[in-house]
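Visitor: One structure is given below, represented as structure tokens, and several questions about it will come after.
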Amino acid sequence: DGKCAGQDKPCKNSCDCCGARGECVYTGYXP
């Protein structure tokens, strides 16, 4: 739901992890 590894940022795309700019990232995320 846009939350991953303690992050709570809005995701611009449909992804489980999102970075500071709203980009999808998967570092530290185990699907």
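Glycine too: its Cβ is placed from the backbone N, Cα and C atoms.
These came from Swiss-Prot, pasted as-is:
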type	residues	note
DISULFID	Cys4-Cys18	disulfide bond
DISULFID	Cys11-Cys24	disulfide bond
Visitor: In this structure, which of the disulfide-bonded residues Cys11, Cys18, Cys24 has the fewest other Cβ atoms within 10 Å of its Cβ?
Guide: Cys24
Visitor: How many Å lie between the Cα of Cys24 (disulfide bond) and the Cα of Cys18 (disulfide bond)?
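Guide: Answer for this pair: 5 Å between alpha carbons.
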Visitor: How many Å lie between the Cα of Cys11 (disulfide bond) and the Cα of Cys18 (disulfide bond)?
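Guide: Answer for this pair: 5 Å between alpha carbons.
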